[in-house]
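Annotated features, as they stand in TrEMBL:
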DOMAIN    338-566  domain 'GP-PDE'
TRANSMEM  21-45  transmembrane segment
TRANSMEM  65-97  transmembrane segment
TRANSMEM  118-146  transmembrane segment
TRANSMEM  166-191  transmembrane segment
TRANSMEM  212-244  transmembrane segment
TRANSMEM  250-275  transmembrane segment
TRANSMEM  310-329  transmembrane segment
Amino acid sequence: MNDIKNSLKVIYQYQMDYLKVTLLLTIAQAFVIPPFIYYFFFFILRIAGVPGITDSNLGELFSSPIVVIMLIILVLLILLFVYYELGFFILMAIYQLRGEAYNVLKILQRLNSKAKYFISFQAIYFLVYFFLLLPIAGLSLPLTITENLYLPHFITDELMKSTTGMWLYFIAISIIFYISARLVFALPYFIEDKSLKINGAIKKSWKFPQKRLFMMLLKWVLIIVVTGFAISIAASIIMLPLFLVEKFSAGVAMLVAGLTLTLLQLVGFFFAGIFQGIISQLLVKNAFTIKTRTESWQANHSQFLHKKRLIVSGIVVFIFVSGFNVYAVNSTLYEPNTKVIAHRGDTVNAVENTVEAVESTAHAGADYSEIDIQETKDKKFVVFHDLTLRRLAGSSKRVADMTLNELQQTEVHSGAYSSKIVSLEEIIATAKKNKIDLLIEVKLHGAESEDMVNNLIALLKKEHVTNKYLVQSLDQPIIEKIEKADPTLKTGIILALNIGNLPKTSADFIVLEDFSINKRLLTQAKQNEKMVFVWTVNKEKLMQMYLRKNIDGIITNYPVKAIQLRDTFNENDSFISRVKNRLMF
């Protein structure tokens, strides 16, 4: 506890320094670093001659030496951004605790002296170190760098569907978290010691006493909890006037909402500086034996002049941002047209890809039930996702090696539910009976017949559903064959990874994982008259975000929740909810 109290005292003593540094880094994170990375990345794509990086063109990209070199340069630049942003706070903490005079130039010179290691093989150590450190350091790293660094949701969702996958996931996370904790002091050691290389700093951090490390991590958790609690209290107090104004003086609610949003953003900015400052102080105090100096080397008069300029600048910025926020919260909201698509049917209340799953989806009011189909040994179509029966039926048999009749005799289980594997014809009959359309995903096992596409089109035509059902696949050639066989059928291409521009495709819609969605891509899709579906969206916050973007379709394991959010999107649309949404998105 004394460490935290002393850290707060030091931060208060150097409050103007932290205010200025946090402000400068915030500006850099918003207006300098992302645009630079953004334009450099798209410059690389232009050189490569591809619209984006996808799971299908990785081999093509890495076969070009120029593209590989430029991608390496991009990664090194990102690492340098991380190094300078974290290093600035760490060096500030070191100088403050030692009572040494410092300025921006001195800190930059010190950081520059170690930057040479980023153009050597030491950069590989730092890259590995950075990703291993993410579970812990992600709490204090710049948001612009870490917010998009996560395991895609479709991977974690699939792992969580089985006990084995769940255990593997938690074991892997635990191991990575442990390594992350053991390496937390590597960056302070690397920055403080002029001759120490990053691999040496990693070794030194690993040798840090585990008992002391555990105690520091407990303090770290305490800081997170207290900071979160303080932000909640501050936010509640700031939101109270808006709550009262909406009830008793709605005429000025729009203005108060804009001011409230600005104050909340200011609170976030304030606590971000304090949090990073405390974490840096805590790391430095535990990494090095430093006797805290309470006196400040700075002159009070100089601080006063800086304060005066900052206050005037702050007022100007506050007025400008408040004006923008008033406009933002007053933007007209419309009922979203987003289609809700149940991923493999309603898997919460039934076994995936079964009659019951489609029936439950229809009763919930979803627009589509997504199903997976594969060709059987006897050239029929079965509704099943996996290549083998292991996960749902406990058998190692492959779908490609079984006839439709054999598969229909197989019982599948998921949680408390059980059912039978069914044919595509049975699912279509169920969908018709329950008045719900299907999004059919064609999955390939590698042993498909040459007539597969023609057989599928013939079946859909026989059922008279080609004008309203959708067909999608991960395989572009299959989609092209389907389009050639029946140009009236709406098709979609699924991309597990797409970083960059809208992919070039003849398909009518594109299905992207949440990881790959961005504003630029959605704009391009609209310009090219392509629909965009996002999968798999299971978190309420993400559902709200995509409903607000009015994306064409949400593929989710929780259709009931998605429908509820969509149908009540504009109900009780208070200014308080608008302010919250602006903060979330």
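Just so you know, glycine gets a Cβ as well, placed from its N, Cα and C.
TrEMBL does not curate its annotations; it predicts them automatically.
Between the transmembrane segment (65-97) and the stretches 21-45, 166-191, 250-275, 310-329, the greatest number of Cβ pairs separated by less than 8 Å involves 21-45. The listed stretches are 212-244, 250-275, 310-329; of these, 212-244 has the most Cβ pairs under 8 Å to the transmembrane segment (166-191). With respect to Cβ pairs under 8 Å, the transmembrane segment (310-329) is most closely packed against 250-275, considering the stretches 21-45, 212-244, 250-275.
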